[in-house]
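A.B. asks: Below are the structure tokens for one structure; questions will follow.
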Amino acid sequence: MDVDNGEGQVQVHLKTKQEHYAVPDVPYAIDGTVTTVELNTFVNALLRQKDGSSDTEFDFLVFDEYLRGRLCDHLREKAISFEDAIEIEYVERFPAPEPQDCLLHDDWVSAVKARGKWILSGCYDNSLNLWTNKGKHILTISGHTAPIKAVDWISLDEETGRFVSTSQDQTAMLWKWNVGSNAVDCVSVCKGHERGVDSVSVSPDGLRFATGSWDTMLKVWSAELDDGVEGSSKRMKESGVRTPKITLQGHRESVSAVQWMDATTLLTGSWDYTLKVWDLSLEGIKTEISTNKSIFDASYSKLNRLILTASADKNLRLYDPRTNQGSVVRNTYLGHNAWVQTVMWSTTEEFLFVSGAYDNQNKLWDCRSPKAPLYDLLGHGDKVLDIDWSNPKYIVSGGVDNSVRVFKSRKALAEDTETK
């Protein structure tokens, strides 16, 4: 660590929030040309001196961004003086997800959603499919008359599962699944959109769901078995047809993404280059964020309150809906080689998210690492259309190669280790 390669030495303090990996809190003089390789060697040497610890792989954050090259280059890029004492935070490296299963379908898989030990998928052959997260096919469900575009779970317990699907046939359908008998009934057909329904999201309490469509409309529906609409015609009730509770107009192109931010707030993304935050209590737009590309997907994190977008280019972008500057991108993530179709934040890890693109790849990211993903999740043989990390144990994706790919995440890998 004392070799001088012409960049000089830097005074650093090594910090970690993982107390069992803490090293003495004193300044260290290190060469400016070090990378994560040399820093890992140095920190592990300090830990061995402290308590004889075995080697651990770490990542290093300098001014809230992952170090991906030489320390001196990182500091220059951020206009930081070499004479300042630099704080470097180190964190145990997130383990690489491991491929578990490939679930083969008869057509493109355009929608996936995991919950508990089940995976729900939707296809371009108009069918829905239920699988276990161990790869066993449970059920094929017919009902839609055009390709499925989105799915979401409403509720799930040991006896009953309820979920919603949307389709290019201009409808959303509510389903009730008897887990024991493995029988599914369509509870309601939701009609009101005038073009294909591209996106769906169920409210946190499971009582409502929202849909976005090519007709540019956002609609909110009851997700209850009995929607309780007084005055609905007897014919509509008997036929199982359901109409929207709320219709919101504001987008100029397809509403390609929708998500509940909380009980009364919705996020939408559109091909019209905008993100919109809707206040349902006022039935109007609360915030609008202008972007420079058509938005294919958007994801809001309840942990960090930030929004990610997948767009008609190779980049993912990070926005803060709380800012007063509605068009400012907080960060751009570079790594895909084709249009990015789908993105989702982790529901349990504040900084992590996953993406899928037309380059046939899924990627796992840390939002503090804009220059490169943590890992490439390989397996798809064609474009990725949807990705899901609702179940913290599994990253699940569907694509044009007619497959769902299942990857074990850290929580599942940890359980495997404990059971060995």
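Just so you know, the numbers here start at 1 and follow the chain as drawn.
Placed from the backbone N, Cα and C atoms, the Cβ positions cover glycine too.
Features from Swiss-Prot:
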REGION    10-92  region 'Ubiquitin-like (UBL) domain'
REPEAT    104-142  repeat 'WD 1'
REPEAT    143-185  repeat 'WD 2'
REPEAT    192-231  repeat 'WD 3'
REPEAT    250-288  repeat 'WD 4'
REPEAT    290-329  repeat 'WD 5'
REPEAT    335-375  repeat 'WD 6'
REPEAT    379-417  repeat 'WD 7'
A.B. asks: Have the repeat 'WD 1' (104-142) and the repeat 'WD 4' (250-288) got at least three CB pairs under 8 Å, pairs 6 or more apart in sequence?
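C.D. replies: Between the repeat 'WD 4' (250-288) and the repeat 'WD 1' (104-142), which are separate recorded stretches, there is no contact, as judged by 3 or more close Cβ pairs.
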A.B. asks: Same-chain Cβ contacts of the repeat 'WD 3' (192-231) under 8 Å, 6 or more residues past its ends?
C.D. replies: 146, 149-155, 162, 164-172, 174, 176, 242-260, 262-263, 266, 268, 270, 272, 278, 280
A.B. asks: Quick one: DSSP breakdown of the region 'Ubiquitin-like (UBL) domain' (10-92) into helix, strand and coil?
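C.D. replies: DSSP classes over the region 'Ubiquitin-like (UBL) domain' (10-92) add up to 26 helix, 23 strand, 34 coil.
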A.B. asks: May I have the DSSP-based helix, strand and coil counts for the residues of the repeat 'WD 4' (250-288)?
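C.D. replies: Tallied per class, the repeat 'WD 4' (250-288) gives 0 helix, 25 strand, 14 coil.
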